[in-house]
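Features reported for this protein in Swiss-Prot:
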TOPO_DOM  1-23  topological domain 'Cytoplasmic'
TRANSMEM  24-44  transmembrane segment
TOPO_DOM  45-200  topological domain 'Periplasmic'
BINDING   Cys57, Cys60, Met63, Glu109  heme 1 binding site
BINDING   Cys87, Cys90, His91, His188  heme 2 binding site
BINDING   Lys103  substrate binding site
BINDING   Cys147, Cys150, His151  heme 3 binding site
BINDING   Cys179, Cys182, His183  heme 4 binding site
Amino acid sequence: MGNSDRKPGLIKRLWKWWRTPSRLALGTLLLIGFVGGIVFWGGFNTGMEKANTEEFCISCHEMRNTVYQEYMDSVHYNNRSGVRATCPDCHVPHEFVPKMIRKLKASKELYGKIFGVIDTPQKFEAHRLTMAQNEWRRMKDNNSQECRNCHNFEYMDTTAQKSVAAKMHDQAVKDGQTCIDCHKGIAHKLPDMREVEPGF
């Protein structure tokens with residue numbers, strides 16, 4: 001019996017099977033890719049959902065001991081209707097692409113956490129105005145979209161509002177203003193505002 005009569009080894013047979021496209025090989029690759037994609041997407045979505053919770057937001061003491069305490073005293077936390085807006089409702093866009101962009105930009109906040117930029121109440125207060133202005137700018141740029149997920153000029157019954165509020169809302173619509181133009185500090189203590197243009 002010569003060498004030519006021997007059956008090829010397992011590795012050679014697998015290599016030949018791999019190199020010779022067949023329906024079975026392509027089907028196997030597609031199945032592996034499909035299952036891998038589902039596993040990746042499921043893990044990615046699970047991670048994103050976990051990172052979009054109030055618990056995640058206050059998991060660092062910088063937030064828990066400062067802005068979260070302020071938020072608990074706000075109408076967004078406790079109100080007559082029982083509807084609560086949590087951190088991601090106001091600070092994370094709902095749409096996929098803007099949400100991903102916001103998550104990437106949040107890496108700067110992670111840098112601040114790691115290197116202790118705002119790890120004491122004094123450091124936090126020293127940076128409060130800059131952090132607030134960054135958030136106000138983001139909200140102004142997206143037309144206060146996170147506010148508008150719950151509040152919308154088009155659906156407001158200004159006749160049911162106090163006269164000063166109705167007047168201001170009507171004027172805001174005429175002037176093309178957005179929520180954050182007037183409602184700064186709605187859920188958190190305002191920073192030293194001497195350098196900031198007043199809302200109303």
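The backbone N, Cα and C atoms fix where each Cβ goes, and this holds for glycine too.
Features recorded in Swiss-Prot, as mapped to the structure shown.
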{"residue": "Cys60", "record": "heme 1 binding site", "DSSP (3 states)": "coil"}
{"residue": "Cys87", "record": "heme 2 binding site", "DSSP (3 states)": "helix"}
{"residue": "Lys103", "record": "substrate binding site", "DSSP (3 states)": "helix"}
{"residue": "Glu109", "record": "heme 1 binding site", "DSSP (3 states)": "helix"}
{"residue": "Cys147", "record": "heme 3 binding site", "DSSP (3 states)": "helix"}
{"residue": "His183", "record": "heme 4 binding site", "DSSP (3 states)": "coil"}
{"residue": "His188", "record": "heme 2 binding site", "DSSP (3 states)": "coil"}
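Averaged across the topological domain 'Periplasmic' (45-200), pLDDT for the predicted model comes to 88. Cβ atoms within 8 Å of the centroid of the Cβ atoms of Cys57, Cys60, Met63, Glu109 (the heme 1 site) belong to the same-chain residues Ile58, Ser59, Glu62, Arg64, Lys113, site residues excluded.
Checking Cα-Cα distances from Cys147 (heme 3 binding site) against the binding-site residues (Cys60, Met63, Cys87) with a 10 Å cut-off leaves nothing; none qualify. The residues near the heme 3 site, meaning same-chain residues not in Cys147, Cys150, His151 whose C-beta sits within 8 angstroms of the mean position of the site's C-beta atoms, are Ser144, Glu146, Arg148, Asn149, Asn152, Cys179, in sequence order.
Counting only same-chain residues at least 6 apart in sequence, those with a Cβ under 8 Å from the Cβ of Met63 (heme 1 binding site) are Cys57, Cys87. Excluding Cys87, Cys90, His91, His188, which define the heme 2 site, the same chain contributes Cys57, Val67, Tyr71, Ala85, Thr86, Pro88, Asp89, Glu135, Ala187 within 8 Å (Cβ to the Cβ centroid), listed in sequence order. Taking the C-alpha positions, the distance from Glu109 (heme 1 binding site) to the residue listed as 'substrate binding site' comes to 10 Å. Spanning the residues Cys87, Cys90, His91, His188 that the record associates with binding heme 2, the maximal Cα-Cα distance equals 12 Å.
Summarising the environment of His151 (heme 3 binding site), the number of other Cβ atoms within 10 Å of its Cβ, over all protein chains shown, is 14. Comparing Cβ neighbour counts within 10 Å across the binding-site residues Cys60, Cys87, Cys90, Cys150, Cys182, the minimum falls on Cys150. Using CA atoms as reference points, the binding-site residues Cys60, Lys103, Cys150, His188 were checked against Cys179 (heme 4 binding site), and the closest is Cys150. Each of the binding-site residues Cys57, Cys179 was scored by the number of other CB atoms within 10 A of its CB, and the lowest score belongs to Cys57.
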